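Asks: Before I ask anything, let me first share the structure, which is written out below as structure tokens.
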Amino acid sequence: MKTLIFKTASAYLLPLLLLFSVFILLRGHYLPGGGFVGGLMAAIAFVIHSFANGIERTKNIVKFHPGFLMPVGLLLALLAGALPLLFGETFMTGLWMKQAVPVIGSVGTALFFDTGVYLVVIGVTLTIIFTISEGL
Amino acid sequence: MNNPFIVLPVIFQLFVAVILMFSWNSKNLQKLISVIGSLIALLISLLLLIQVRQEGIQSMQAGGWMAPFGITFVADTFSALLVLLTAISGLAVSVFSVGSIRNARVKFGYFPILHLLIMGLSGAFLTGDIFNLYVWFEIIIISSFVLLTIGGEKAQIEGAIKYVTMNLLASVIFLTAIAILYGLTGSLNMADLSLQIAQVENRGLVNVTAILFLIGFGIKSAVFPLYFWLPASYHTPPPAISAIFGGLLTKVGVYALLRVFSLIFVPDDFLASVIAILAMLTMLTGGVGALIQNNIRKVFSYLIICHIGFMLAGLGIYSTIAIAGAIFYLVHDIIVKTNLFMVSGLIFKFKGTYSMRLLGGFYKDKPLLSLLMAVPLFSLVGIPPLSGFWGKLMLIKGAIATSNILIIAFIILGSFLTLFIIARMWAAVFWKDGAALPKKKQIKYFEELKPLKRKAMISSIAFLSLISLAIGFGAEWIMQMAIHIAENLMDPSAYIQAVLGI
């Protein structure tokens, strides 16, 4: 798989796919998309990179163990769910900011929940793939 | 009454699991966090039960979506009591794990998964939505599958395959039943279903759905004839994991049966007698199965099945006093079964074997510890005034009131079988002169452990034994609560009122 074309393409595909995954994450509230799909897409970006350049190079890009993203994502999702409890609302109620943020749109707890899911999915997928490819 | 904080026992366990995942590499920190987290969780569940007892049924609509459209969480006395028992078992197992779980298993995330399992259990007890109940069951299966296979010994994997296959089959049946129920009524909220199902004209389909629920939950709670996954898998993982499985996993199935067959489907004569017959056969097969086993953990596994039969008998008799008996027995059984698997683990740490033939002379070596172990063993038999006695007494009272002689006969037979098995085990393990067993290299014996680990194992057994004694001696208080729960189950109007406000 380590052809020159694939290698060159993968260098451009990685940032593009990552950007696209963030786009999918952000549009997810009312349109198809969301944290799960976005997270899978971001993981696929790294998988393509590892196919082209070998798993060691990809690990060098990620720097830290991807498993670390799991508790971070879970904590973010949990806090987004539990935040309404402080305002006397029930668990998982969506709280929204009054004014929309430019580019992103209206920001609410649902966005942070989805970002948490996004991180967990990246963490789980990359951990699985890195672990499997170590045994090969 | 609306109370946004009743999900706290669930959220808090997730929080503890997340914190544990952050400290993935430090095993001592994980142990500390797990024990402290379990203590706080116990406090939270205790406060929840007190609040429910004082102010009545509490409910919460997740995300602010009104019932019957959103996911409802309901804490009535039954749910709150079981959440408390889960927290008690969780604390004991967490402390026991500090002493008994090997570092290799801690490194692969034993503690976070344990807390996720307890989260799943608390969620299943608190939810008021039948599909959400399915989701909690899945969380329980997934985390129990990880716990069962963690360490990756050959016997573990073999047991886990049987366990997962049967439980996935049960999930499929459960999900099919939910789908049919949704097709019939267009609702998933259990309180709403209770009202809607009474108006469905196609009674044949309603009865078929009820049977599907009975099969699905029956597999999960190891009811005859689909119980064989349980004795095939429960003796394979480390004792701390067997303890939480033996104490709680099958009991979620029993809880779901009690809830569904009082709130949604009210058993007619046919269904009640089907349940009663299943209960009797479960008692018989579990008891007889335990007779021929030599491995202590297998004996306890079969006894779990036998005693699931007692709880199911309460549902089969279907009167307030019988269901109260089943609930009392459930309370007693969760604590005692958790404790017994920990006891078997401690015996293994001393002697290096689970075989009753090889074991012996335990009473001579450790008289005080043997007396401590006698508490759960004889509670299980139900020698008055220990805790197992009162539940059976109420069950038999209920059976006499409905003149159901056959059930009485089987309950007494089941009790005699239990008595015989435990007496034989006492004689074999504690009284018989034991030969000196050869030391095995791969086992870390009790004497080689650090003092803190030794104390952790013994104190968790002592803690649950004290709770067992408290249930036995404070039986009147628990009995009042059980009767209150049974009355609420037989007449669910308070539950429906708390959820739907009508």
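Backbone N, Cα and C atoms are what each Cβ position is placed from, and that goes for glycine too.
Feature annotation from TrEMBL assigns transmembrane segment to B:32-50, B:70-96, B:108-127, B:133-151, B:163-184, B:204-228, B:240-258, B:270-292, B:299-321, B:368-386, B:406-431, B:461-483 (among others). For B:129-418, the entry in TrEMBL reads domain 'NADH:quinone oxidoreductase/Mrp antiporter transmembrane'.
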Asks: Cβ pairs under 8 Å with the transmembrane segment (B:270-292): which stretch of B:108-127, B:133-151, B:299-321 has the most?
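Replies: Going through each listed stretch, the top one turns out to be B:299-321.
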Asks: Could you give the residue numbers and ranges of same-chain residues that sit at least 6 residues beyond the transmembrane segment (B:133-151) on either side and whose C-beta is under 8 angstroms from one of its C-beta atoms?
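Replies: Residues 102, 104-105, 108-110, 113-114, 116-117, 119-121, 123-124, 127, 157, 159-160, 163-164, 167-168, 171, 174-175, 178, 190, 220, 233, 236-238, 241, 244-245, 249, 252, 256 contact the transmembrane segment (B:133-151) from elsewhere in the chain.
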Asks: Please indicate, using numbers and ranges, the residues of the same chain that are 6 or more beyond the transmembrane segment (B:163-184) and have a C-beta under 8 Å from a C-beta there.
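Replies: Distal contacts: 130-131, 134, 137-138, 141, 144-145, 148, 193, 196-197, 200, 202, 205-206, 208-209, 212-213, 215-220, 226, 228-229, 232-233, 264.
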Asks: Would you confirm whether the transmembrane segment (B:240-258) and the transmembrane segment (B:32-50) meet the contact rule of 3 or more C-beta pairs below 8 angstroms, pairs 6 or more apart in sequence?
Replies: no
Asks: Would you mind listing the long-range same-chain contacts of the transmembrane segment (B:406-431), meaning Cβ under 8 Å and 6+ residues beyond its ends?
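Replies: That would be 276, 279-280, 283-284, 286-288, 290-291, 296, 299, 303, 306-307, 309-310, 313, 316-317, 347, 356-357, 359-363, 370, 373-374, 377-378, 380-382, 392, 395-396, 399-400.
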Asks: Give residue numbers and ranges for long-range contacts of the transmembrane segment (B:108-127): same chain, 6 or more residues beyond its ends, CB-CB under 8 A.
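Replies: Contacts with the transmembrane segment (B:108-127): 6-7, 9-10, 13-14, 16-18, 20-21, 24, 30-31, 33-34, 37, 41, 45, 71-75, 79, 82-83, 86-87, 90, 93-94, 97, 101, 133, 135-137, 139-140, 143-144, 146-147, 150-151, 244, 248, 252, 255-256.
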